[in-house]
């Protein structure tokens, strides 16, 4: 999830070292150090989201409690709430890093409050923070499963939680049969695609750029996972509508990036006689398909927000007073 290589001399990995000709390339170590303030902000946002989720559950207004009535005690299910909070901050940071990447790889606005080099550094650091937040989201979910399965021995609890969280296709109940593998796909693709930037010299910048374009699809998987399984947006209410609307800027920047890419080598060649370049027809077809998909996504988002037909469920009536029976696992949102 880091910026595509640029043809301009301002790309940081093309910057010349002072007093020499050696190219200075961003290293993973230097970017990890630079990402510390960003990661601190990410954990701060996570803490704020956790506090909101805690007090909403405690007051009885939480959508999570409406989905799973037995989850009315935040003191018991605090790890589940913390996993949710990390998931929301991971989605927010992934939105930010994708927006930065599209801004950098498209024509960009005429004037920016910061330099392009600064934007590129922000893109790399927010990408690293996103990976950390996604990993924390998954690990806290697994930890909650370990805590919950008290009927099993420790070895069985650890294996069950690991398999349900990290093994695609292992979870076999309700919407999670689809939503959890989608989230796993987002996690397992985001980390290597982001870290490949730091070893791109080993297999070529062109191959890396082609792989890096998949990060938009990875982001879409994260949004899809949230819309399917996020209990905070389970019902067709304003939080779900806001989540849909936040995808409009992504679709718009993707359209602009496809129409007016920053790299000269990706721009459509002007019509006229000349020797055809190999693969030009295929690239044009891929670009046309991307334009159609981005335009369709923007239209679909607008339609979902305007009509209210956004896949949200109808909130059921409040359950009767008294303790509610717990299902076999805390992540069962509905009968399997």
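Even glycines carry a Cβ here, placed using N, Cα and C.
Annotation comment: TrEMBL describes 316-328 as compositional bias 'Pro residues'.
TrEMBL lists 112-223 with the feature domain 'Ferric oxidoreductase'. Per DSSP, the domain 'Ferric oxidoreductase' (112-223) is made up of 90 helix, 0 strand, 22 coil.
Annotation comment: TrEMBL describes 265-284 (among others) as region 'Disordered'.
The region 'Disordered' annotation in TrEMBL covers 306-336 (among others).
What TrEMBL lists as transmembrane segment is 39-57 (among others).
Taken from TrEMBL, the feature transmembrane segment covers 77-104 (among others).
Look at TrEMBL and you will find 179-199 (among others) tagged as transmembrane segment.
According to TrEMBL, the feature transmembrane segment maps to 211-235 (among others).
The transmembrane segment annotation in TrEMBL covers 241-259 (among others).
Taken from TrEMBL, the feature transmembrane segment covers 285-306 (among others). Outside the transmembrane segment (285-306) by six or more residues, the chain places 241, 244-245, 247-248, 251-252, 254-255, 258-259, 268 with a CB less than 8 A from a CB of the stretch.
Across the domain 'Ferric oxidoreductase' (112-223), the prediction's mean pLDDT works out to 91.
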